[in-house]
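Engineer: As annotated in Swiss-Prot:
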type     : residues                                                                                                      : note
BINDING  : Asn10, Glu386                                                                                                 : Mg(2+) binding site
BINDING  : Lys17, His210, Leu211, Gly212, Asn213, Gly214, Asp284, Met285, Arg286, Gly332, Val333, Gly334, Glu335, Asn336 : ATP binding site
BINDING  : Arg93                                                                                                         : substrate binding site
ACT_SITE : Asp150                                                                                                        : active site, proton donor/acceptor
SITE     : His182                                                                                                        : site 'Transition state stabilizer'
SITE     : Arg243                                                                                                        : site 'Transition state stabilizer'
Amino acid sequence: MSSTRVLVLNSGSSSVKYQLIDMRDGERLAAGLVERIGERTSRLRHTLVAAGDTREQEGPIADHEAALKAVAAELGRDGLGLDSPELAAIGHRVVHGGEFFSEPTLIDENVLTEIERLIPVAPLHNPANLTGIRTAQALRPDLPQVAVFDTAFHTTMPESAARYAIDPKIADRYRIRRYGFHGTSHAYVSRETARLLGRAPGDVNVIVLHLGNGASASAVRGGRCVDTSMGLTPLEGLVMGTRSGDMDPAVIFHLMRVGGMSADEIDTLLNKRSGLFGLCGDNDMREIRRRVDEDDEQAGLAFDIYIHRLKKYIGAYYAVLGRVDAVAFTAGVGENSAPVREAAVAGLEGLGLAVDGGLNAVRGDGARLISPAGARVAVAVVPTDEEMEIATQTYALVSESGNPDLT
């Protein structure tokens, strides 16, 4: 029997998201989420996609091992268990791969060691990713396990974009450079944008705007990232739901010296109490837009600051690329907020950017153009699909490895 299924795992600090995908036709067989791991009120939500059948269970799930065993049991109830000969591999989302991992990688002890070494630059994510990998390995030690890194797509950035202007000895000692994040999404969306235009990815220059609670922009030339807005951490760049984005670093010294704040307090301020939330008390763009429509000044200023930063990055990446074929909006805000898309390109007609009001207002599930007919630069809404991208990269890698069970 051929093995064509890939289980995609995204292990967070207290959650596990998963999808089981058949790579013959891209069909999603099952999907689910285990949340509040380690609490008495843990919950597992499992969906058999084709049947539209969703099951939920609540109760204590002690750790990631128990969570994955519960996932395996739910899949087994549907005849899709981890012991199925049709399961080709497990693909793991790993947030930080540093400068070492530029492509999906078969996991062995050396890979695990390197992911562990990167914990200081990804303390919130890599430990949970490691736990998920080790738990999955314990459940299926014979099955190929593949790491797909959020940072990998950005390793093609030139040194002029990846380096900070500080002493290189210090930068190298502490691994300080611009890694970028959301790379799996940027890779998928840039490729799908080229498909939407009917062109090969290698022929297209795209500015991708991944706008969710976390937000990032990337400049993609011919399918390769040449710049991105996030840096050493996801704090750099665009204004986000709770993160400040770009800011004068001296603000930190000022808060320490004058405000008496500790490094941890400032970390919390900039990552969890800033951005849209810090400006107006809301990080949900829908609520912010409702308040804007009611002439709420705080919400209006927050929206204007958000859009101002977005415009700056669009302009900067236009300059970096030299020629832009498309600007693609993706993720929760990018896919669903017509006002954000309209405001982001307003006044940029000189760069060939505009949206058609009617097309922009239409809600849809698939990739679509929202620029006027004949526009010099296409403006598109392209739903991201990180799970499919992880599955695709995982299956391609294990297929190349020569497994005779794969077709």
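Note that Cβ sites are derived from N, Cα and C of the backbone, with glycine treated the same way.
Describe each of these features in terms of where it is and what it packs against.
Structural biologist: A sphere of 10 angstroms centred on the C-beta of Asn10 (Mg(2+) binding site) encloses 22 other C-beta atoms.
Note: Arg286 (ATP binding site) has non-local neighbours Ser337, i.e. same-chain residues 6+ apart with C-beta under 8 A of its own C-beta.
Within 10 Å of the C-beta atom of Arg93 (substrate binding site) sit 22 other C-beta atoms, taking all shown protein chains into account. Under the DSSP three-state reduction, Arg93 (substrate binding site) is assigned to strand.
Spatially close to Asp150 (active site, proton donor/acceptor) yet at least six residues away along the chain are Arg93, Val94, Val95, His96, Gly97, Phe181, His182, Gly183, Thr184, judged by Cβ distances under 8 angstroms.
Using a 10 Å radius centred on the Cβ of His182 (site 'Transition state stabilizer') and all shown protein chains, the other Cβ atoms total 29.
Listed in sequence order, Gly214, Pro234, Leu235, Leu270, Asn271, Ser274, Gly275 are the same-chain residues at least 6 apart in sequence whose CB falls under 8 Å from the CB of Arg243 (site 'Transition state stabilizer').
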Engineer: Using DSSP and collapsing to three states, where does Val333 (ATP binding site) fall: helix, strand or coil?
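Structural biologist: DSSP call for Val333 (ATP binding site): helix.
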Engineer: With DSSP assignments reduced to helix, strand and coil, which class does Glu386 (Mg(2+) binding site) get?
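Structural biologist: In three-state terms, Glu386 (Mg(2+) binding site) counts as helix.
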Engineer: Taking the Cα atoms as reference points, how far is Glu386 (Mg(2+) binding site) from Asn213 (ATP binding site) in Å?
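Structural biologist: That comes out at 16 Å between the alpha carbons.
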Engineer: Consider each pair of residues in Lys17, His210, Leu211, Gly212, Asn213, Gly214, Asp284, Met285, Arg286, Gly332, Val333, Gly334, Glu335, Asn336, all listed by the record as binding ATP, and report the largest Cα separation in Å as a whole number.
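Structural biologist: Farthest-apart Cα atoms in Lys17, His210, Leu211, Gly212, Asn213, Gly214, Asp284, Met285, Arg286, Gly332, Val333, Gly334, Glu335, Asn336 are separated by 25 Å.
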Engineer: Rank the binding-site residues Leu211, Asp284, Val333, Glu335 by how many other Cβ atoms lie within 10 Å of each Cβ and give me the one with the fewest.
Structural biologist: Asp284
Engineer: Given the binding-site residues Lys17, Asn213, Glu386, and counting only Cβ atoms in the protein chains shown, which has the most within 10 Å of its Cβ?
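Structural biologist: That would be Glu386, with the highest Cβ count within 10 Å.
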